[in-house]
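According to Swiss-Prot, the protein has these features:
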- 38: active site, proton acceptor (ACT_SITE)
- 147: active site (ACT_SITE)
- 180: active site, nucleophile (ACT_SITE)
(Lines of atoms letter the chains of each structure in order from A and count residues from 1; the text may use other names and numbers.)
(Lines give C-alpha, C1' and ligand atoms only; values in the text may rest on other atoms or scores of the structure.)
Protein backbone atom coordinates (compact mmCIF):
# COMPACT_ATOMS: atom_id res chain seq x y z
CA UNK A 1 0.00 0.00 0.00
CA UNK A 2 1.38 3.47 -0.85
CA UNK A 3 2.71 5.31 2.17
CA UNK A 4 1.70 8.97 2.52
CA UNK A 5 4.45 11.42 3.27
CA UNK A 6 4.57 12.55 6.89
CA UNK A 7 2.82 15.86 6.12
CA UNK A 8 0.22 14.41 3.76
CA UNK A 9 -2.78 15.27 5.92
CA UNK A 10 -1.64 18.71 7.11
CA UNK A 11 -3.55 20.89 4.68
CA UNK A 12 -7.01 19.32 4.44
CA UNK A 13 -6.92 19.69 0.66
CA UNK A 14 -7.23 17.47 -2.36
CA UNK A 15 -4.49 14.89 -2.19
CA UNK A 16 -3.00 12.61 -4.81
CA UNK A 17 -0.56 9.74 -4.61
CA UNK A 18 2.35 9.61 -7.04
CA UNK A 19 3.89 6.24 -7.80
CA UNK A 20 7.63 6.68 -7.36
CA UNK A 21 10.83 5.02 -6.27
CA UNK A 22 11.59 3.88 -3.60
CA UNK A 23 7.92 4.25 -2.55
CA UNK A 24 4.85 6.25 -3.49
CA UNK A 25 4.42 9.74 -2.08
CA UNK A 26 1.18 11.61 -1.34
CA UNK A 27 0.86 15.38 -1.75
CA UNK A 28 -1.56 18.25 -2.31
CA UNK A 29 -0.82 19.76 -5.75
CA UNK A 30 -1.99 23.19 -4.63
CA UNK A 31 0.60 23.12 -1.87
CA UNK A 32 3.35 21.89 -4.18
CA UNK A 33 5.61 23.38 -6.84
CA UNK A 34 6.99 22.16 -10.15
CA UNK A 35 10.54 23.43 -10.51
CA UNK A 36 12.07 23.75 -13.97
CA UNK A 37 15.84 23.99 -13.59
CA UNK A 38 17.95 25.92 -16.11
CA UNK A 39 16.18 25.03 -19.34
CA UNK A 40 18.26 27.63 -21.13
CA UNK A 41 19.95 27.60 -24.51
CA UNK A 42 23.17 27.22 -22.53
CA UNK A 43 22.20 23.73 -21.42
CA UNK A 44 19.79 22.39 -24.02
CA UNK A 45 20.66 23.86 -27.42
CA UNK A 46 23.53 23.23 -29.85
CA UNK A 47 25.85 26.23 -29.75
CA UNK A 48 25.11 26.83 -26.07
CA UNK A 49 27.58 26.68 -23.21
CA UNK A 50 27.40 22.93 -22.55
CA UNK A 51 27.82 22.14 -26.23
CA UNK A 52 30.78 24.51 -26.57
CA UNK A 53 32.34 23.04 -23.42
CA UNK A 54 32.27 19.56 -24.95
CA UNK A 55 29.14 18.06 -23.38
CA UNK A 56 26.60 16.14 -25.46
CA UNK A 57 23.27 17.98 -25.83
CA UNK A 58 22.03 15.96 -28.80
CA UNK A 59 19.35 14.14 -26.78
CA UNK A 60 17.76 17.09 -25.00
CA UNK A 61 14.77 17.50 -27.36
CA UNK A 62 12.66 14.75 -25.75
CA UNK A 63 13.41 16.27 -22.35
CA UNK A 64 12.06 19.64 -23.51
CA UNK A 65 8.88 17.97 -24.78
CA UNK A 66 8.43 16.07 -21.52
CA UNK A 67 8.87 19.24 -19.50
CA UNK A 68 6.20 20.93 -21.61
CA UNK A 69 3.86 18.06 -20.78
CA UNK A 70 4.66 18.18 -17.06
CA UNK A 71 4.25 21.96 -16.89
CA UNK A 72 0.85 21.80 -18.60
CA UNK A 73 -0.40 19.14 -16.19
CA UNK A 74 1.00 20.90 -13.13
CA UNK A 75 -0.50 24.25 -14.09
CA UNK A 76 -3.93 22.68 -14.67
CA UNK A 77 -3.74 21.10 -11.20
CA UNK A 78 -2.97 24.42 -9.52
CA UNK A 79 0.70 23.81 -8.82
CA UNK A 80 3.07 26.75 -8.67
CA UNK A 81 5.57 26.71 -11.55
CA UNK A 82 9.07 28.02 -10.78
CA UNK A 83 11.61 28.55 -13.56
CA UNK A 84 15.31 28.90 -12.78
CA UNK A 85 17.88 30.61 -14.98
CA UNK A 86 21.51 30.10 -14.07
CA UNK A 87 24.01 32.82 -14.85
CA UNK A 88 25.63 36.09 -13.94
CA UNK A 89 26.03 39.74 -14.86
CA UNK A 90 27.92 40.57 -18.05
CA UNK A 91 31.11 41.32 -16.11
CA UNK A 92 30.79 38.01 -14.20
CA UNK A 93 31.16 39.72 -10.83
CA UNK A 94 28.37 37.49 -9.51
CA UNK A 95 30.34 34.43 -10.64
CA UNK A 96 33.11 35.13 -8.14
CA UNK A 97 36.79 35.76 -8.65
CA UNK A 98 39.83 33.56 -7.93
CA UNK A 99 38.87 33.51 -4.26
CA UNK A 100 35.68 31.61 -5.10
CA UNK A 101 35.58 27.87 -5.79
CA UNK A 102 33.05 28.65 -8.51
CA UNK A 103 35.75 30.52 -10.44
CA UNK A 104 37.82 27.34 -10.58
CA UNK A 105 35.06 24.72 -11.05
CA UNK A 106 32.53 26.39 -13.34
CA UNK A 107 33.01 24.86 -16.77
CA UNK A 108 31.47 27.95 -18.34
CA UNK A 109 34.09 30.20 -16.77
CA UNK A 110 36.88 27.78 -17.66
CA UNK A 111 35.67 27.58 -21.26
CA UNK A 112 35.72 31.37 -21.57
CA UNK A 113 39.23 31.57 -20.16
CA UNK A 114 40.33 29.07 -22.79
CA UNK A 115 38.37 30.82 -25.55
CA UNK A 116 38.39 34.56 -24.75
CA UNK A 117 36.18 35.31 -27.75
CA UNK A 118 33.30 33.76 -25.79
CA UNK A 119 33.67 36.21 -22.91
CA UNK A 120 30.33 37.87 -22.22
CA UNK A 121 28.42 35.28 -24.26
CA UNK A 122 28.15 32.29 -21.93
CA UNK A 123 25.54 32.45 -19.16
CA UNK A 124 25.57 36.25 -19.19
CA UNK A 125 22.21 37.79 -18.32
CA UNK A 126 20.55 39.16 -21.43
CA UNK A 127 22.44 36.85 -23.78
CA UNK A 128 20.96 34.16 -26.04
CA UNK A 129 22.80 31.59 -23.94
CA UNK A 130 20.99 32.75 -20.79
CA UNK A 131 17.51 32.69 -22.34
CA UNK A 132 15.08 29.83 -21.82
CA UNK A 133 14.63 27.61 -24.86
CA UNK A 134 11.94 28.80 -27.25
CA UNK A 135 9.60 25.90 -26.49
CA UNK A 136 9.35 26.70 -22.77
CA UNK A 137 7.61 29.99 -22.00
CA UNK A 138 6.65 31.06 -18.45
CA UNK A 139 3.04 32.17 -18.06
CA UNK A 140 1.41 34.76 -15.78
CA UNK A 141 1.42 33.40 -12.24
CA UNK A 142 4.68 31.50 -12.76
CA UNK A 143 7.82 32.65 -10.96
CA UNK A 144 11.14 33.10 -12.77
CA UNK A 145 14.22 33.18 -10.54
CA UNK A 146 17.84 33.90 -11.47
CA UNK A 147 20.41 31.90 -9.56
CA UNK A 148 24.19 32.41 -9.38
CA UNK A 149 25.22 28.90 -8.28
CA UNK A 150 24.22 25.29 -8.79
CA UNK A 151 21.64 25.24 -5.98
CA UNK A 152 18.43 27.17 -6.46
CA UNK A 153 18.36 27.86 -2.72
CA UNK A 154 21.67 29.77 -2.68
CA UNK A 155 21.25 33.57 -2.70
CA UNK A 156 17.68 33.37 -4.02
CA UNK A 157 14.27 33.92 -2.35
CA UNK A 158 13.18 30.36 -3.14
CA UNK A 159 12.82 29.25 0.48
CA UNK A 160 10.77 32.33 1.41
CA UNK A 161 8.57 31.94 -1.68
CA UNK A 162 7.79 28.34 -0.80
CA UNK A 163 7.26 28.82 2.93
CA UNK A 164 4.98 31.82 2.45
CA UNK A 165 2.71 29.64 0.31
CA UNK A 166 2.80 26.60 2.58
CA UNK A 167 4.58 24.54 -0.07
CA UNK A 168 6.42 21.45 1.15
CA UNK A 169 6.59 19.21 -1.93
CA UNK A 170 8.82 20.02 -4.91
CA UNK A 171 8.77 18.22 -8.25
CA UNK A 172 11.97 18.72 -10.24
CA UNK A 173 12.66 18.81 -13.97
CA UNK A 174 15.51 20.30 -15.99
CA UNK A 175 19.23 20.21 -16.68
CA UNK A 176 21.60 19.04 -15.38
CA UNK A 177 20.35 16.16 -13.26
CA UNK A 178 23.73 15.57 -11.64
CA UNK A 179 24.54 19.24 -11.04
CA UNK A 180 21.86 21.89 -10.53
CA UNK A 181 18.85 19.59 -10.20
CA UNK A 182 20.49 17.35 -7.62
CA UNK A 183 22.09 20.30 -5.81
CA UNK A 184 18.74 22.08 -5.41
CA UNK A 185 16.91 18.93 -4.37
CA UNK A 186 19.58 18.13 -1.78
CA UNK A 187 19.43 21.61 -0.29
CA UNK A 188 15.66 21.31 -0.18
CA UNK A 189 15.98 18.03 1.70
CA UNK A 190 18.10 19.75 4.34
CA UNK A 191 15.39 22.43 4.64
CA UNK A 192 12.65 19.80 5.15
CA UNK A 193 11.19 19.83 1.64
CA UNK A 194 10.03 16.63 -0.05
CA UNK A 195 11.77 16.41 -3.43
CA UNK A 196 10.66 14.32 -6.41
CA UNK A 197 12.54 14.23 -9.72
CA UNK A 198 10.86 13.26 -12.99
CA UNK A 199 13.64 11.24 -14.57
CA UNK A 200 12.55 11.58 -18.21
CA UNK A 201 12.22 15.34 -17.82
CA UNK A 202 15.87 15.71 -16.82
CA UNK A 203 19.21 15.35 -18.58
CA UNK A 204 22.72 14.94 -17.26
CA UNK A 205 25.90 16.87 -17.98
CA UNK A 206 28.36 14.13 -18.87
CA UNK A 207 28.10 10.39 -19.58
CA UNK A 208 24.90 8.41 -19.05
CA UNK A 209 26.28 6.97 -15.82
CA UNK A 210 26.11 10.48 -14.33
CA UNK A 211 22.34 10.44 -14.81
CA UNK A 212 22.05 7.00 -13.25
CA UNK A 213 24.26 7.95 -10.30
CA UNK A 214 22.29 11.13 -9.62
CA UNK A 215 18.98 9.27 -9.70
CA UNK A 216 20.40 6.57 -7.42
CA UNK A 217 21.52 9.20 -4.92
CA UNK A 218 18.15 10.92 -5.00
CA UNK A 219 15.96 7.84 -4.57
CA UNK A 220 18.26 6.27 -1.98
CA UNK A 221 19.16 9.25 0.19
CA UNK A 222 17.38 12.51 -0.61
CA UNK A 223 14.02 12.06 -2.33
CA UNK A 224 11.90 10.20 -4.82
CA UNK A 225 12.07 9.41 -8.54
CA UNK A 226 9.12 9.18 -10.92
CA UNK A 227 8.39 9.99 -14.58
CA UNK A 228 6.22 12.39 -16.55
CA UNK A 229 3.45 9.96 -17.55
CA UNK A 230 3.02 8.79 -13.97
CA UNK A 231 3.06 12.39 -12.73
CA UNK A 232 0.36 13.40 -15.21
CA UNK A 233 -1.76 10.39 -14.23
CA UNK A 234 -1.46 11.39 -10.57
CA UNK A 235 -2.76 14.86 -11.44
CA UNK A 236 -5.81 13.61 -13.35
CA UNK A 237 -9.14 14.42 -11.61
CA UNK A 238 -9.88 10.75 -10.91
CA UNK A 239 -6.71 10.43 -8.84
CA UNK A 240 -7.63 12.98 -6.18
CA UNK A 241 -8.99 12.21 -2.73
CA UNK A 242 -10.02 14.71 -0.09
CA UNK A 243 -8.27 14.40 3.24
CA UNK A 244 -10.02 16.27 6.05
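Note: Cβ is positioned from N, Cα and C throughout, glycine not excepted.
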**Distance [Cα-Cα, Å, rounded] between residue 180 (active site, nucleophile) and residue 38 (active site, proton acceptor)** = 8
**Message:** Can you tell me whether DSSP puts residue 38 (active site, proton acceptor) in helix, strand or coil?
**Reply:** coil
